[in-house]
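Structure record follows, encoded as structure tokens.
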Amino acid sequence: MNIKITSGHLKNARVRAVISFSFKEDRKLSPEIEDLDRILDGAISQLKREQKFDGSDGKILVVPTFGKGKMDYVILIGAGSRRKADLDKVRRLGNISVKTTKKLKIDRFLIDAEPLSVIKEGEDSIAQAVVEGVILGNYRFDKYLSKKDEYRIKELQIRVKRRFKNKAEQSVKVGKILAESQNFTRDIVNEPGNVITPEKLAQIAQDLAREYGFEVKIYDEEEIEKMGMNAYLAVAKGSANPPRFIHIIYRPEKPKKKIALIGKGLTFDSGGLNIKPGDYMRWMKADKSGACAVLGIFKAIGQLKPDVEVHGIIAAAENMPDGRSYRPDDIIKAKNGVTIEIGNTDAEGRLTLADALCYASELKPDAIIDMATLTGACVVALGEYTAGVMGNDERLIDQILDISKRTGEWMWPLPFNDMLREHIKAPHADVYNIGTTRYGGAITAGLFLEKFVDKKIPWVHIDIAGPAHNTKGWYYHPKGATGFPVRTITTFLLNQE
């Protein structure tokens, strides 16, 4: 897709469709649309009245030009209330735009971002959000369908005020990379467990390393055992597909900081001997979403090149029932010497993360961020669309939460309540891998992970169990993997000083 930034008049646009936006508070057409209305002999005003187009959120007015203009269609999309408009509303409008052009089979179109300048953001940020919404909204995973979606965008033009043009050109490049990297993550998550095994996940990391010049280390079962990662190995024992520990490194010339990113990498989770019921096992291919997000972030930073050293760490495994599987009541020693009593083999992700957090702590980074589809309890607490954020450093938590508000990847803080620490105490080991209460499960999981992080290192845990994958589709996320939280964490890395 070719993307151009323009500041010319809409009436001169040489595309198949011009798309503009109208808020509910707008009493009349914008001057640019009024110009087009005159050229079309009042057709826009007439259809606006006839179809009672009032700028309501998501309402669409399609006006054919019948050869009277340089384009085939003028399209108005309702933006709802100005008071509620933000950058994520812009992404949603980008999504509605591309869904509309797809229905009309339009492959060259212009989106007028100027009416959106009432949002308290620069038009460069607005242009970036438009591009993200278009690319994310146009995503589909049709690799295994006999009949594929043939729609492709050849050219997207975005119109901004002339003074924002240079900045918008740069921000649009960033938005394109972020959205395409998020789609890359979606692609891997959407692949089934018979395609993406731990070895295949390691191969993808190696492919990224070759493409962007990263360092990469892949450790096999024997090497993992030598490193003392017994919690991680316990989870992997029941599978015919061997585990792979992945360490991928982006190292700029003069890094300002060192950041470690950890992604939960269960390529499939059956629950192990505490096997999941059939309905709960469905979609467990998405239990690798955190790992895939780390790989997507590396795809982005390989192009955007932030001034921070970044370590991506993935303990890739498959949790399956077998004669070799770990059992309830087993006691396992993690890499840092902490002993873990197994209460349930379906609480396996925190075991793989435990050893990954120990490994990351030994690197002495300035911060550790882990991303994991960890608990159903987080989905119960916050719903399907919001991630839970917790950790040992309020400043780091606040930084990530602030960025998530701009990226539209919704997150909410969860408190480390000292009373809940009592519920991960085990009778015969240092810690239980499940809480002894049915309440606060997302937090007790976070408190478990805390035991494997060096207390001197700022650390944040993001439970993405809700928003990482969806079964219905919402806004610019089609059914399936969302690629959460690639844009938030990449933006965090770009903003480090």
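Using the three backbone atoms N, Cα and C, a Cβ is placed for every residue, glycine included.
In three-state terms derived from DSSP, GLU348 (Mn(2+) 2 binding site) belongs to neither a helical nor a strand segment and is classed as coil. Proximity of GLU348 (Mn(2+) 2 binding site) to non-local residues of its own chain (separation of 6 or more, Cβ distance below 8 Å) is seen for VAL235, LEU266, ASP269, GLY272, ALA317, ASN319, given in sequence order. Annotation source Swiss-Prot lists Mn(2+) 2 binding site at LYS264, ASP269, ASP287, GLU348, citing sequence analysis.
Marked as Mn(2+) 1 binding site by Swiss-Prot on the basis of sequence analysis: ASP269, ASP346, GLU348.
Residues or ranges marked as active site by Swiss-Prot on the basis of sequence analysis: LYS276 (among others). Look at LYS276 (active site): DSSP puts it in coil.
The Cβ of ARG350 (active site) has ALA372, LEU374, ASN433, ALA445, PHE448, LEU449 as same-chain neighbours under 8 Å, each 6 or more residues away in sequence. Residues annotated as active site in Swiss-Prot: ARG350 (among others).
The record gives LYS264, ASP269, ASP287, GLU348 for Mn(2+) 2. Within 8 Å of the mean position of their Cβ atoms, the other Cβ atoms in that chain belong to VAL235, GLY265, LEU266, MET284, LYS288, ALA317, ASN319, GLY349, THR352, ALA372, THR373. Annotation for the recorded positions LYS264, LYS276: lowest Cβ count within 10 Å of the residue's own Cβ, LYS276. When Cβ atoms from all protein chains are considered, those within 10 Å of ASP346 (Mn(2+) 1 binding site) total 19, not counting its own. Taking the C-alpha positions, the distance from ASP287 (Mn(2+) 2 binding site) to ASP346 (Mn(2+) 1 binding site) comes to 12 Å.
Rounded to a whole number, the C-alpha distance linking LYS264 (Mn(2+) 2 binding site) with LYS276 (active site) is 19 angstrom. Distance noted between the C-alpha atoms of LYS276 (active site) and ASP346 (Mn(2+) 1 binding site) is 8 Å. The record gives ASP269, ASP346, GLU348 for Mn(2+) 1. Within 8 Å of the mean position of their Cβ atoms, the other Cβ atoms in that chain belong to VAL235, LEU266, SER270, GLY271, GLY272, ASN274, LYS276, ASP287, ASN319, THR345, ALA347, GLY349.
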